[in-house]
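Copied over from Swiss-Prot:
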BINDING   163, 344, 373, 374, 395  (2R)-2-phosphoglycerate binding site
ACT_SITE  205  active site, proton donor
BINDING   243, 292, 319  Mg(2+) binding site
ACT_SITE  344  active site, proton acceptor
SITE      428  site 'Important for binding of plasminogen'
SITE      434  site 'Important for binding of plasminogen'
SITE      435  site 'Important for binding of plasminogen'
């Protein structure tokens, strides 16, 4: 009864109006699962391949019909007949079927859509929530959210090099309260921006994209919004985080961090050592708890220096640096580079490999942050993954745009379902820092 009988993919649109895949899986019993695949704007060069058609006459070359066909004509034939509950065997079969190290033949987007749909169909068959199916009955930790309330870099037209300015309600007693704190700061920030005559349009991830005078101006404005909303900045209230997305402004030939790419003429151009110094200055000046991709994805020496200098005080997250890949993570652990990994399911392409990366991180004392992509859908799978793995942190955008709110609302439902056993760790989510 739990045998897969049908697999079907179609092309749908993501939050940026670009095509992506939606996959449906059916079993003999009538159990059903659906998965939708996100897409990134700033992508690591080592990520699994997102297969696009390249036909400029259709969706500007971004169509996903090839990936859809790969699901319907190749993957479906290979996995029909499998027990839907055997996630690992199905994921491994798809990896073998593709046969490339980066899933470039079938496309990571094709494989991931099936992987998610299989998990959802299995949960439906067993009549349990997805987070319970994936993590077992002892899953009870709600993640502390990283809320991206100001967008810069590749996610907006704002003249700021850093891609994301985030707030984290680390002092909140519950997820529900933490979400409220974040929403109230978001609205306080909007009011402040309006009063300054700055634009309140939002970027890809729902954060504002105003023309600030620089990084410090962005942070100072967030601190004012926290105060205006009635909260305190710091460990008992709300802390700040950055996604520098440094690979987006790193000049490989000159080996410098060229802020002029986003901030224009007159902006800083920093060496690797100067980039570390600058980040340390910001940490000394502001209540910063997390920095993502502070160094370029290939600047291993820079990462090691940054970790040596700040690794006990601040969460240093590898996104483009690790691309949710256990091979790169293992090297980072060995060389003491970074102390946290960002988990993006479409960077690696299957749920099995995603869970392996989280497990490896935890065993090494690294934290794991489950994350969305800038091109999202209404699919809320990552909310369930965050709870299923007891990851403790989730990064899923701002407090606007339904593609972001869908994940927060799912977490509210899960907290409700868990009732009194639900836990929200807040500042304790950063278990590898000296707090």
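Note: Cβ is positioned from N, Cα and C throughout, glycine not excepted.
Within the set of recorded positions 373, 395, 434, the entry lying nearest in space to residue 243 (Mg(2+) binding site) is 395 (CA atoms). Put simply, residue 428 (site 'Important for binding of plasminogen') is 17 Å from residue 395 ((2R)-2-phosphoglycerate binding site) when counted between their Cα atoms. The C-beta environment of residue 434 (site 'Important for binding of plasminogen'), restricted to residues of the same chain at least 6 apart in sequence and closer than 8 Å, consists of 312, 313. Here the Cα atom of residue 374 ((2R)-2-phosphoglycerate binding site) is found 6 Å from that of residue 205 (active site, proton donor). Sparsest Cβ environment among the recorded positions 205, 292 (other Cβ atoms counted within 10 Å): 292. Here the candidates are the recorded positions 163, 205, 344, 373, 428. The one whose C-alpha lies nearest to that of residue 292 (Mg(2+) binding site) is 163. Among the recorded positions 319, 373, 428, the residue whose Cα lies closest in space to that of residue 205 (active site, proton donor) is 373. Other residues of the same chain near the Mg(2+) site, with their Cβ within 8 Å of the Cβ centroid of 243, 292, 319, are 163, 164, 242, 244, 245, 291, 293, 317, 320, 342, 395. The Cβ of residue 344 ((2R)-2-phosphoglycerate binding site) lies under 8 Å from the Cβ of 38, 40, 319, 323, 324, 371, 372, 373, each on the same chain and at least six residues away in sequence. Of all the binding-site residues given, namely 163, 374, the one with the smallest number of surrounding CB atoms inside 10 A is 374.
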